[in-house]
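Annotation comment: TrEMBL describes 68-126 as domain 'Cation-transporting P-type ATPase N-terminal'. The domain 'P-type ATPase A' annotation in TrEMBL covers 178-276. Annotation comment: TrEMBL describes 114-131, 143-162, 301-319, 348-374 as transmembrane segment.
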Amino acid sequence: MSNIFHLNLNCKEPIPDVPTILSKPNKRWHLALHPLLNEKRKESSKLPVTTPSFVALNVKPDAFSSIDQTKTDVKNGICGAVHDIALRQEVFGSNTYQTAKSLFHFVMEAFKDLTILILLLCATLSLGSGIKEHGLKEGWYDGGSIFAAVLLIISVSTLSNFRHNRLLEKLSKVSNDIKVDVVRNGRRQQISIFEIVVGDVVCLKISDQVPADGLFLDGHPLQVDESSMTGESDHVEVNSSQNPFLFSGTKVADGSAQMLVTSVGVNTTCCQMMSTISRDTNDQTPLQARLKKLTSSTGKVGMAVAFLVLVVSLVRYFSGNTEDENGNQEFIGSNTKAVDMVNSVVRIIAAAVTIVVVAMPEGLSLAVTLILAYSMKRMMADQTMVRKLSACETMGSVTTICTDKTGTLTLNQMKVTKFCLGQEPIEAFSSISTNLLNLIQQGAALNTSGSVYRATSGSKFELSGSPTEKAILSWAVLELDMDMEILKQTCTILHVEAFNSEKKRSGVSIRSKADNTIHVHWKGAAEMILAMCSSTMMLLEA
């Protein structure tokens, strides 16, 4: 750990020469260090300037107490005052991503439709020829009617898509608003992931999502799943010596530790990578896909017929085989007025365009979209939110639904309902001997990754950690009258073995400061712990 951090995180000069061959370690260094210096706002220029930035960081081998660049106390975190949070969000940005699309965006999307463009062309030609032949008073009827129809189609499509997008944005904020454990002003607390700021000290444990880019501070080495970013299924070990970099969006597969947030929101590596990837999120239902194929085939036939009609009509007109309303030949060579010839050609082109418009049933797709949107609105009345319109049709074919129980059908909250010593259930801690009670309190308070906080003597306890940890701590505090701070002061932790999904247990060895005795506490699955036991402690009255 001698050449990764420095006490003050002093930034050296950017390294101008970037390796042309990026090996796996080089990629990780570049991904981690690139957003570190580019996340501050460029107030002197409104246009973003993208230049490669790399920084060398040094940290003393000894544990440091503060990080000056982010004004972070490693033990107590940031102060957490309102003005401090606001300043960090102003300088480094907030931990939010893309903003909602405006109404104008959907209006422009509607104008990209080929049918709309053809209708506008047809309306323009019809309006021009109508006014030319019949005057403004009566000649605008046909063209104006087409313009009104186009305006109606654009309005319905735009408002429907805009409203649907806003609903999905609202749902996305709710579903992505996960709670994160941070240390602020010496107090461990849970906040929304959107409230994370640069300089925060975040506590990570198994199954947690890394909320932002950051650096490993303290704790046990982590096994991190970075498949969402790199595509590699192998877990990456993150520790304080070889690889201290953590990336937003990745998931902790094993271990527990604290991280220092260095980049949030659009400045994170994940967001910068995703911004360079063009993704089509307009998923279609099977019915919409079939209708689109039918519309495309019909449109091609209509285009061919319209082109054939256009060619035949132009040939007949210029060969003198067409007559006007009075039965006179329309085209008489050089004797035909240029204005009359232009009007006739425009009328022929308008007829061909009309064939194309009629032959392309674009309204089918819009009708299906409106029906699905209406179904989604009715389902919302039953407290069912549809994230994708395509799911409405797909769910109609579902016969079996498999869902995760924890956090979906349940509240993801646990509570200790029964405590047994040996085979005897214990109702009150007063029936437990003093020595044994002290051992139980030690195991609950010191063999845990959670914490207990109480602002004043009369306030409620605030618990943090996994649901299992919080359940055990709540039981120990309320039922066993455990004081976590006193136990930490009277004991010295010698070694910690973090919970492992394979071993299914966690352990801690401690030394009592009073009599210098050493105890080892284990916690985990019953079959794993019982298999380790070699003797049984007999219950004795105090």
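Glycine is no exception: its Cβ is also placed from the backbone N, Cα and C atoms.
Sequence-remote contacts of a segment are chain residues at least 6 beyond its ends whose Cβ falls under 8 Å from one of its Cβ atoms, and for the transmembrane segment (143-162) they are 101, 103, 106-107, 109-111, 116, 119-120, 122-128, 130-131, 366, 369-370, 373. Mean model confidence for the domain 'Cation-transporting P-type ATPase N-terminal' (68-126) is a pLDDT of 83. Residues 138-144, 146-147, 149-150, 153-154, 343, 346-347, 349-350, 353-354, 356-357, 360, 362 of the same chain sit 6 or more residues outside the transmembrane segment (114-131) yet have a Cβ under 8 Å from a Cβ within it.
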